[in-house]
Amino acid sequence: MGIKGLNAIISEHVPSAIRKSDIKSFFGRKVAIDASMSLYQFLIAVRQQDGGQLTNEAGETTSHLMGMFYRTLRMIDNGIKPCYVFDGKPPDLKSHELTKRSSRRVETEKKLAEATTELEKMKQERRLVKVSKEHNEEAQKLLGLMGIPYIIAPTEAEAQCAELAKKGKVYAAASEDMDTLCYRTPFLLRHLTFSETKKEPIHEIDTELVLRGLDLTIEQFVDLCIMLGCDYCESIRGVGPVTALKLIKTHGSIEKIVEFIESGESNNTKWKIPEDWPYKQARMLFLDPEVIDGNEINLKWSPPKEKELIEYLCDDKKFSEERVKSGISRLKKGLKSGIQGRLDGFFQVVPKTKEQLAAAAKRAQENKKLNKNKNKVTKGRR
């Protein structure tokens, strides 16, 4: 689900933190991609002309494999080295959100049964799309045969993507979920796995610029995201994005906001704090997520296993052999040329903390004063 209204807040208050670029701008970059989110996109977007999912002669869905194969090739063609990260076991705190999703599925199934037009049927069918265990396993098999590394995260894929970026294993995390910023990835790439026909630029969000622009610590930013609405718990009823930002900037933490509301000082009877609100547990899931230490992960891109890849996609899944062989040639060529990398890829760029930035600003101010005094002394001697 991500964070409700966060993109709008960043766009309004810190537009400089979002850079829109063509895919070619990321030549030589390694990127950790939220695989579960990508598969969901492929199942929705990769369709037949009649709007139905792609299937082979046996009736098996192949939209996810078609999307994974060709979108990965597009990245490789443009010199990007992708690594995919799959979701592990969801945190217990997410169970309420998963229950809500199940309830919505039941409601959607009812609407589908009542639909009278093809357009309405298609709309409801897309809402029922769900990434299954089989979809994940088939995608992992495909990536293994393509020579593309993948990781199964202990819990949330976005958290593991951010960990790889923080440890310098990749340049950025790629996901449509804005909650990836809560894990303090240096950079978040959105729309990376979109179809080329959409002509949608890639949005690169700089987390440190977001924090500085909003004048928030990472802890306050996470509290803001919980206030806006995340997958782990409810938010304060009656508080919208504008008010949530104002409350965090005024009071500094959810604890202080709760005190402010419960004391009656807010004079707002519409604000309702959820009972037994687990915001502290939600906060820790963002600030200290369960991940595999990025330093222990060695990402390796290997030549594709041509024979096995053709057997899997063409013999088993009934893909066009001519197109698959063409794709394999692109894959081999792209992985070879992508080895060149970028000059800045030889250096690990460590994002500065707020404290480091403040210290640097103080030093700059002191140097300015020192130079000013030197100029005064020089003028006096004249």
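Counting starts with 1 at the first residue shown.
Cβ atoms are placed via backbone N, Cα and C, with glycine included.
The annotation in Swiss-Prot ties Asp177, Asp179 to Mg(2+) 2, and of the candidates under consideration, Asp87, Asp92, Asp231, Asp276, the one tied to the same site is Asp231.
Record note: Swiss-Prot gives Asp87, Glu156, Glu158 as Mg(2+) 1-binding, and the candidate from Asp34, Asp206, Asp215 in that site is Asp34. Of all the binding-site residues listed here (Glu156, Asp179, Asp231), the one with the fewest other CB atoms within 10 A of its own CB is Asp231. Neighbours of the Mg(2+) 1 site: apart from Asp34, Asp87, Glu156, Glu158, residues of the same chain with C-beta atoms within 8 angstroms of the site's C-beta centroid are Ser36, Met37, Val85, Ala153, Thr155, Ala157, Ala159, Gln160, Cys161, Ser175, Asp177, Thr180. Using a 10 Å Cα-Cα cut-off around Glu156 (Mg(2+) 1 binding site), the binding-site residues Arg71, Asp177, Gly229, Asp231 reduce to an empty set.
Taking each of the binding-site residues Asp34, Asp87, Glu158, Asp177 in turn and counting other Cβ atoms within 10 Å of its Cβ gives the largest count for Glu158. Here Glu158 (Mg(2+) 1 binding site) is positioned 8 angstrom away from Asp179 (Mg(2+) 2 binding site), judged by their C-alpha atoms.
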